[in-house]
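Before any comments, here is the structure.
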Amino acid sequence: AVGSMEAADGEKAGGGRNGHAEGPAAERAGGGRLKGCRGFLRRNALVLLTVSGVLAGVALGAAVRGAELGPAQVAYLAFPGELLLRMLRMVILPLVVCSLVSGAASLDTRSLGRLGGIAVAYFLGTTLLASGLAVALGFIVRPGAGASALNAPGLGLPGAVPTSKETVDSFLDLVRNLFPSNLVAAAFQTYATEYKMLLRNTTSGNVTWEKVPVGTEIEGMNILGLVLFALVLGVALKKLGPEGEDLIRFFNSFNEATMVLVSWIMWYVPIGIMFLVGSKIVEMEDIVLLVTSLGKYIFASILGHFIHGGIILPLIYFAATRQNPYRFLLGLITPFATAFATCSSSATLPSMIKCIEENNGVDKRISRFILPIGATVNMDGAAIFQCMATVFIAQLNNVDLNPGQIFTILVTATASSVGAAGVPAGGVLTIAIILEAIGLPTNDLSLILAVDWIVDRTTTVVNVEGDALGAGILNYLNEKANKEKEQELKEVNVEAVANSKSEGETSPLVTHKNNQVSNTSSPADPESKESVL
């Protein structure tokens with residue numbers, strides 16, 4: 001009876017809906033659109049807020065610039081942005097170590113070797129492409145031609161430049177930093193070679209000065225050493241088997257807790273970015289003079305970043321995955337805005353890991369294995385910036401680069417970008433290495449430093465874009481390999497089932513036994529359960 005009453009009510013309700021369809025349908029359509037709009041805003045709230053923060057920062061800087069603030073007032077204006085940088089740097093150490101340990105431990109040794117090999121090939125290949133593009137653009141645009149009249153004092157720049165190192169010492173430092181003598185010290189110190197001048201008396205009475213390399217520890221996280229240690233520790237824990245599972249679970253939990261912290265910090269990013277960008281605009285001395293003097297160099301560098309990041313890297317991603325690269329990049333607007341504002345690949349790492357997993361569905365094992373390595377090793381934007389700066393300084397000094405020097409620039413830029421610090425202005429020191437390698441003076445580096453804050457923003461965006469697309473490619477290849485493995489297992493199972501059936505049909509022993517079992521009426525009969533043989 002209840003069922004018939006419900007059916008009757010349903011019929012009445014159906015009749016009512018058919019009679020008055022237009023009003024409620026329109027309301028539902030309007031409500032659906034409103035709900036869709038709300039859903040879009042909720043999903044992309046962080047992206048919209050971050051982009052708004054960049055624009056608000058430009059407006060704030062332009063508005064406050066006319067007030068002629070002193071250095072103390074500018075420092076106060078930059079304080080909220082400084083807090084953002086400090087929070088992001090705070091989570092880098094636990095994020096890098098825990099994500100690499102858990103990532104290396106979650107992948108089997110064969111997958112780790114295969115994915116690691118593909119990642120190294122991708123990183124080296126894209127960095128070499130970036131270096132070649134920058135050198136080619138440098139010869140086409142000729143940013144240093146006709147700019148020989150430029151000098152640092154004329155632009156109101158400091159004459160001091162970073163102390164340049166010998167090329168051999170730079171590479172030896174890179175290897176030394178891979179194997180830190182103290183893991184705790186590696187969290188805040190890096191090994192670097194400095195030089196001491198010693199006075200030598202020769203037998204003939206002449207006095208000579210000798211430059212002797214001396215090892216020192218400078219401030220800054222030794223991220224290369226920590227990355228290598230975390231990878232090896234993850235593989236070692238995997239080898240331990242059941243004994244290592246507790247420690248792997250600890251690192252996994254630590255990693256997840258760090259990601260929760262990152263998700264909280266991300267909501268502060270728009271405010272921090274606004275004050276970072278605003279204070280940087282207020283700090284600028286005479287931007288018109290700088291842009292007019294070094295405009296061709298700025299244009300050539302940013303053009304190189306645009307071509308590499310907007311065309312070459314997406315093409316590589318499309319060739320590897322046959323998927324739309326721009327849809328993939330659309331989910332990463334927040335990390336790109338963070339990279340643009342902070343000029344630091346390392347500081348962008350937390351937001352990049354969060355967004356690439358949540359928005360683009362990249363496997364956690366892949367993203368947490370490859371992104372920390374990429375933030376340290378893969379520096380496409382830095383390679384473009386360094387090669388362009390080298391060609392610019394060569395043209396500034398009216399030096400025609402020969403093929404041998406060009407080859408040296410490509411190789412040195414690719415190798416030295418591996419060890420470039422993922423911090424603001426980290427690439428300027430590596431330019432000094434390249435200049436020393438090809439025998440050019442380093443006293444023009446202050447010109448590069450003058451516009452580094454402009455070029456460094458697009459440099460960092462291209463750096464993190466290369467890491468993200470690399471993670472996307474590896475994720476696609478890993479999924480493809482897993483599907484093929486599953487397909488092979490299915491085929492093996494099907495063959496095994498088919499063989500057992502055919503054996504059952506043709507084997508007289510099995511048939512005889514089956515007949516015995518089916519013909520017996522009493523299950524307690526012991527003879528019916530005896531083996532035929």
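From the backbone N, Cα and C atoms, a Cβ is placed for every residue, glycine too.
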Annotated transmembrane segment segment (source TrEMBL; candidates 174-195, 328-349, 438-459): 328-349
Do at least three CB pairs under 8 A connect the transmembrane segment (220-237) and the transmembrane segment (87-107), leaving out pairs fewer than 6 apart in sequence? yes
Does the transmembrane segment (328-349) make contact with the transmembrane segment (119-141) through 3 or more Cβ pairs under 8 Å, each pair 6 or more apart in sequence? no
Have the transmembrane segment (297-316) and the transmembrane segment (45-67) got at least three CB pairs under 8 Å, pairs 6 or more apart in sequence? no
